[in-house]
Amino acid sequence: MGSELESAMETLINVFHAHSGQEGDKYKLSKKELKDLLQTELSGFLDVQKDADAVDKVMKELDENGDGEVDFKEYVVLVAALTVACNNFFWETS
């Protein structure tokens, strides 16, 4: 078994691929696939968002190349940004 960080990396990869490719390119998330991923894996994030257009806004910000889909690199940017925000929140409140 690998380290905690290796396990976390494997989980990031597995979660992405569990949701990608259901509507097309298996290496990208469509808007629907991204929404499903967020609802399944980051439901707390969506619960905090009171904005009904939150997924649209996340998609627009992540989709750096403007192809209407989120590739693995763009997905990792989302996870990294949320991780930084969580780190700041928990360390500032402790």
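Heads up, the Cβ atoms here are built off N, Cα and C, so glycines get one too.
If you look up Swiss-Prot, you'll see K28, E33 marked as Ca(2+) 1 binding site. The annotation Ca(2+) 2 binding site is assigned in Swiss-Prot to D63, N65, D67, E69, E74. The annotation domain 'EF-hand 1' is assigned in Swiss-Prot to 13-48 on the grounds of a curator's inference. The annotation domain 'EF-hand 2' is assigned in Swiss-Prot to 50-85 on the grounds of sequence analysis. Feature annotation from Swiss-Prot assigns S-nitrosocysteine to C86.
Sequence features, as recorded in Swiss-Prot, placed on the structure.
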| residue | record | Cβ contacts under 8 Å, 6 or more apart |
| --- | --- | --- |
| K28 | Ca(2+) 1 binding site | S20, G21, D67, E69, V70, D71 |
| E33 | Ca(2+) 1 binding site | H19, S20, G21, Q22, E23 |
| D63 | Ca(2+) 2 binding site | E69, V70, E74 |
| N65 | Ca(2+) 2 binding site | D71 |
| C86 | S-nitrosocysteine | none |
So how many of the residues in the domain 'EF-hand 1' (13-48) end up helix, strand or coil by DSSP?
24 helix, 2 strand, 10 coil
With every protein chain in view, what's the tally of Cβ atoms within 10 Å of the Cβ of D67 (Ca(2+) 2 binding site), excluding that atom itself?
11
Secondary structure at D63 (Ca(2+) 2 binding site), reduced by DSSP to three states:
coil
Average the pLDDT scores across the domain 'EF-hand 2' (50-85) and report the rounded value.
82
Which residues, same chain and not among D63, N65, D67, E69, E74, have a CB within 8 angstroms of the centroid of the CB atoms at the recorded Ca(2+) 2 site?
K28, L62, E64, G66, G68, V70, D71
Taking the Cβ of E69 (Ca(2+) 2 binding site) as centre, how many other Cβ atoms lie within 10 Å?
21
What's the number of neighbouring CB atoms sitting within 10 A of the CB on E74 (Ca(2+) 2 binding site)?
19
